[in-house]
Structure formats: C-alpha cells, structure tokens
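Below you'll find the structure, written out as structure tokens, and then a few comments.
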C-alpha cells in the first residue's frame, strides 16, 4: 500500500475521546520496547510519526493515526513493563480491555513479538485474551534481521508453538531495518479491513 498521508489524530484514554467517522481500525499491541513504533514508521515510510523511545512504557494512551484517510492504526500501550506502578498497569489494562471489547471499528490486532526470543507470559496472555474475545490477530515477529536467515524457521516455530497460534491467524517475520515482511504485513492488514 502506498501511503500518501499519515498523521496522529488523537491520544485517547476514554471511549468518548475515540475518533468518530467509522473508519476501520487496526490496533497494534506488544510488549514495551518490542518495536511497535518502528513497525508503524516502517509501514508508512515515515521516520518519526510514531515516536520511538529507548524508555519502555512510553506510550500511555491509545494513539490513533489516520492513514490515507482510509483507516486508523491504534497504538496500544506496551504491556509487561515492570517499572510502572501496579495501579498504573491496572489502569492501562482497563483502558486496553475497554477499547478491544467495545470498539466496533476494530477489525484486527497486530500483535508484535520479538523473533529472537520465545514469547513471554505477557505475550501469551495477550494472545489468549484476544482469542477469547474472537478478535482476529496478525502476529508480527520483529527483528528478523538480527537472526541468520537459516534460523528463521526454527524461531518462527517457537513463536507459533508458544503462542499456540490459531491456524486462521498469520505469522509474519518482519524487520524495520531491511523492510522484510512489509508487503506481507500490508497484505494481511488489507485482508482484515476488507472482511
């Protein structure tokens, strides 16, 4: 997909702040510092629309980005970050749960994991949570450029088995450095939007 327009619309905390207009939405979820912002920037060919940070837990709101006036990407706060208080984590959890379980415009969630490591318990819980609510998931395994090509299949198998990925859900190996998986990711997103 050729992206000609991309901008942040709103950083929302409550449902009444969500944008109106009925555009399809794709939410992006992942552990803190897994590379969600890099994934967004890489997909839309922008260096810094989604701010990348070396400080995990930076995104604390639902950030809605409009893409080509056709869809919204919704950057969800990173989960599994230990340095925030329990009450903050619970508030994030409620915010994410409210969005995912009530938002009619939500078409799918892109769950981002790190291909170099087996998915964490937080990753597994997130995937199971999405499946419990019947949300389609596209699993993006980032940082593929950090692993020798010959080991991709082995690492992908670990991701698939640890998350127990539903046969209907796609697993795409991705690198924001080399752009590997970018076309496949757009293909999977388009498929979800057109369902």
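Using the three backbone atoms N, Cα and C, a Cβ is placed for every residue, glycine included.
Here Swiss-Prot flags 30-37, 57-61, 75-78, 142-145, 174-176 as GTP binding site, drawing on sequence analysis. Among the features that Swiss-Prot reports, Mg(2+) binding site is placed at 37, 59. For 22-195, the entry in Swiss-Prot reads domain 'EngB-type G', with the evidence type sequence analysis.
Put plainly, the binding-site residues 33, 37, 61 were compared by Cβ crowding within 10 Å, and the winner is 37. DSSP assigns residue 33 (GTP binding site) to coil, not to a helix or a strand. You'll find the Cα of residue 61 (GTP binding site) roughly 14 Å from the Cα of residue 37 (Mg(2+) binding site). Note on residue 174 (GTP binding site): other Cβ atoms within 10 Å of its Cβ, all shown chains, come to 28. For residue 174 (GTP binding site) paired with residue 37 (Mg(2+) binding site), the C-alpha to C-alpha distance reads 13 Å.
Taking each of the binding-site residues 36, 143 in turn and counting other Cβ atoms within 10 Å of its Cβ gives the largest count for 36. Here residue 37 (Mg(2+) binding site) is positioned 13 angstrom away from residue 143 (GTP binding site), judged by their C-alpha atoms. In this structure, the binding-site residues under consideration are 30, 77, and the one with the smallest number of other Cβ atoms within 10 Å of its Cβ is 77.
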